[in-house]
2 protein chains.
Amino acid sequence: MAQRLSAQAPDFEARFTELLSSKREVSEDVDHIVRDILEDVRKRGDAAVLEYTAKFDRLTVSSMEELRVSEEEIAAALQQVPQATIDALELARERIHAHHARQMPKDDRYTDPIGVELGSIWTAVEAVGLYVPGGLASYPSSVLMNAVPAKVAGVERIAMVVPSPDGVLNPQVLAAAHIAGVTEIYRVGGAQAVAALAYGTQTIAPVSKIVGPGNAFVAAAKRRVFGTVGIDMIAGPSEVLVIADSSANPEWIAADLLAQAEHDEVAQSILITDSADLANAVEVAVEGQLKTLPKADIAGASWRDFGAIIVVDDIEAAMPLSNRIAPEHLELAVADSEVLLKKVRNAGAVFIGAHTPEAIGDYVGGSNHVLPTARSARFSSGLSVLDFVKRTSILKCTADNLRQIGPSAVVLGEAEGLSGHARSVAIRLNL
Amino acid sequence: MAQRLSAQAPDFEARFTELLSSKREVSEDVDHIVRDILEDVRKRGDAAVLEYTAKFDRLTVSSMEELRVSEEEIAAALQQVPQATIDALELARERIHAHHARQMPKDDRYTDPIGVELGSIWTAVEAVGLYVPGGLASYPSSVLMNAVPAKVAGVERIAMVVPSPDGVLNPQVLAAAHIAGVTEIYRVGGAQAVAALAYGTQTIAPVSKIVGPGNAFVAAAKRRVFGTVGIDMIAGPSEVLVIADSSANPEWIAADLLAQAEHDEVAQSILITDSADLANAVEVAVEGQLKTLPKADIAGASWRDFGAIIVVDDIEAAMPLSNRIAPEHLELAVADSEVLLKKVRNAGAVFIGAHTPEAIGDYVGGSNHVLPTARSARFSSGLSVLDFVKRTSILKCTADNLRQIGPSAVVLGEAEGLSGHARSVAIRLNL
């Protein structure tokens, strides 16, 4: 059973601080292994990728061409996936596309009051690598959430890598790739896949940015290639904070807490409520639902070890706590959710009202499910079109403009001891 | 003298690729030292900061209070800085503010065709740490470029740290902080300052994000605290690419190349031109100007070791090369700059026309001078207001909406083996 905190208790601040700092990362020290793999792939290219794929995925082929997923395989995968799943993925793609299209930033070029032209021009990243995990955590929804914003941004080339342990690929993942318009797919995973994308090999052209979730090896590899290429965030275990008052249905809230908990034994589900009755009822409902949940072992461990119920006097007192937690997912299951929404400062995504379970956002809501974990919503945002574009700033002065503002640049250049800077302006002004 | 490449030469591609991959990073292995300092400050707080400050900056004080820069010191600094410099900093602040105000993203909340409410809400990062180097590279312009966008974003608290070796602080830096509205300033630097900002001490409250340039220790510390807090980019040595045709004044171009080169012996200045005459004239002009440049030693070494002049047949052939270089700064000193501008794909900032030397953008142009180095303009952008805000996505379904799209979420949850996800939707639909 999850721990219970009361905002009235004298030790509340101490316990809440402890909850905030609870270490949920499983830190595996794989960095030295990853360093060697990266270096080897950088030097030997395809040959190294083939060797690591044989070693780690028990998949032996004679050439990289065989690791590229063929059109026939994609067509076969589509046949294997039930039509209801295809339809659901199509709906998801369409809704994700529509929402993300609104995020596309607009170029801004203008002339300021003294006549200087300034601006910001946005361009898409030219080539993006998309990592998709193999095995159990190989989720088709994750393919859509990463690939669709890249497509909306105008990325010309998306190279997808997905390991196929013992040669097995999840057909749903290939179906999702097809639906998202991704055609360049390699059956490669781990640090060797990240290296191939970052440095390029004889067969795989290098990309400029790598996105997508992965295990400890993938995360360590992404950290190491950062700088050579861009990366998205390094995702930690998932988490949800539900703020609910007495209007909430305890069975629904329990289901939401368990939906998060089933991801991982180190996932975290927290309920904050002003109703002790709801707190008790949710506690009972969680135990009841665990009895029939297929992933009860995982969800039960997460709830027991990292779950928490916090009872506050007044529901508005939940918001400062929520902003300190900076949850990845925040559900506002209260009678007047708009009042609380105005006070949200740090949260990856907010799910409003009784009929918006977080899982809707995981699949078909339209917003992105790649969100900042581990309190990083204090300083970062979920994945969006902005992750696949970059801004070039523009400056254009006439001779008149330079006469007007140039002398100040000369003053500052000299003040900073950068006479060459000063001279590059002064020489144009005959100063 | 810089190397000369000709696009017509048979070995051009090989030499250009070599130029692209030239290693200009001075990699100092300070990571183990930094790790210990971070850990020590995290554990012992103020006491550790005081010890490291005594050790590294030769500044011994008895309490953290003494490391806080007082209002009197700031007032005294303002007296020491010439009025012309103050006026130039004021002009810079005003122009930076005006340009960055246009970057503030707008909230977007809307109802989609089936009635689901979606949205993106932007909020400022609550507290930002601003690192300012001490000693030679202590630039007032850098204080403005980092602090003003944070102010525009609505960041409530900016904590600035700046080392004062032997107790010496650059009064220009304090003046720039005052002009930017930064009032919380600590005379602390190095990894100990980054640790204090990231973890907090008894005196310094922790921040959510750390920005600003620094030496190898600061860069290593920022890499290590990334995740606990956000960081801006890790800046490499500066670089400029000038594309010029026969219309360009060779003395002006030479001054621009040297302005970049005087930053650092590993800075890089490249000229691409379709005019062999201009190439020759610039070469001569560089040698001439080096004779009177105060930082000739640095600029000369940079030009000799990393400078390059590339002669192409046609000026438009410069653009594919430019996009491969992905320069931090790109000057278009050509007769018809707009034609080339349309083809810019990867560049931090573009300076258009004969009267826009890059140094104008360093100081008073209004755009930011913190820009992506080392080819990272392929996937990242210069510092902007977006670095100081984060987006929360919003989703709100009615019971009707959930009936319409919920079943697809149930299908996908089950398809992914996440029955708890499926249940959290199904339970609301009585499925």
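Just so you know, glycine gets a Cβ as well, placed from its N, Cα and C.
Automated prediction, rather than curation, is the source of TrEMBL annotations.
Counting Cβ atoms from all protein chains shown, A:Glu328 (active site, proton acceptor) has 29 others lying within 10 Å of its own Cβ. Marked as active site, proton acceptor by TrEMBL: A:Glu328 (among others).
Classification of A:His329 (active site, proton acceptor) by DSSP places it within a strand. Around the Cβ of A:His329 (active site, proton acceptor), the same chain contributes A:Ser238, A:Glu239, A:Val240, A:Leu241, A:Gln260, A:Ala347, A:Gly348, A:Ala349, A:Phe351, A:Glu358, A:Gly361, A:Leu371, each under 8 angstroms and 6 or more positions distant in sequence. Feature annotation from TrEMBL assigns active site, proton acceptor to A:His329 (among others).
Other C-beta atoms found within 10 angstroms of the C-beta of A:Tyr131 (NAD(+) binding site) number 28, with every protein chain shown included. What TrEMBL lists as NAD(+) binding site is A:Tyr131, A:Gln192, A:Asn215.
Taken residue by residue with DSSP, A:His263 (substrate binding site) is part of neither helix nor strand, so it is coil. Contacts of A:His263 (substrate binding site) defined by a Cβ separation under 8 A and a same-chain sequence distance of 6+ are given as A:Pro237, A:Ser238, A:Ile298, A:Ser302, in order along the sequence. As annotated by TrEMBL, substrate binding site applies to A:Ser238, A:Gln260, A:His263, A:His329, A:Asp362, A:Glu416, A:His421.
Taken from TrEMBL, the feature Zn(2+) binding site applies to A:Gln260, A:His263, A:Asp362, A:His421.
Here the Cβ of A:Asp362 (substrate binding site) has 27 other Cβ atoms within 10 Å, regardless of which shown protein chain they belong to. Proximity to chain B (Cβ-Cβ distance under 8 Å) holds for the following recorded positions out of A:Asn215, A:Ser238, A:Glu328, A:Asp362: A:Asp362. Residues within less than 8 Å, Cβ to Cβ, of A:His421 (substrate binding site) and separated from it by at least 6 positions along the same chain comprise A:Ala409, A:Gly413.
Distance noted between the C-alpha atoms of A:Asp362 (substrate binding site) and A:Gln192 (NAD(+) binding site) is 29 Å. Counting only the Cα atoms, the space from A:Gln192 (NAD(+) binding site) to A:Glu416 (substrate binding site) is about 46 angstrom. Rounded to a whole number, the distance between the Cα atoms of A:Tyr131 (NAD(+) binding site) and A:Glu328 (active site, proton acceptor) is 21 Å. Neighbour counts of Cβ atoms within 10 Å were compared for the binding-site residues A:Gln192, A:Asn215, A:Ser238, A:Gln260, and the top value is held by A:Gln260.
In this structure, the C-alpha atom of A:Tyr131 (NAD(+) binding site) lies 45 angstrom from that of A:Glu416 (substrate binding site).
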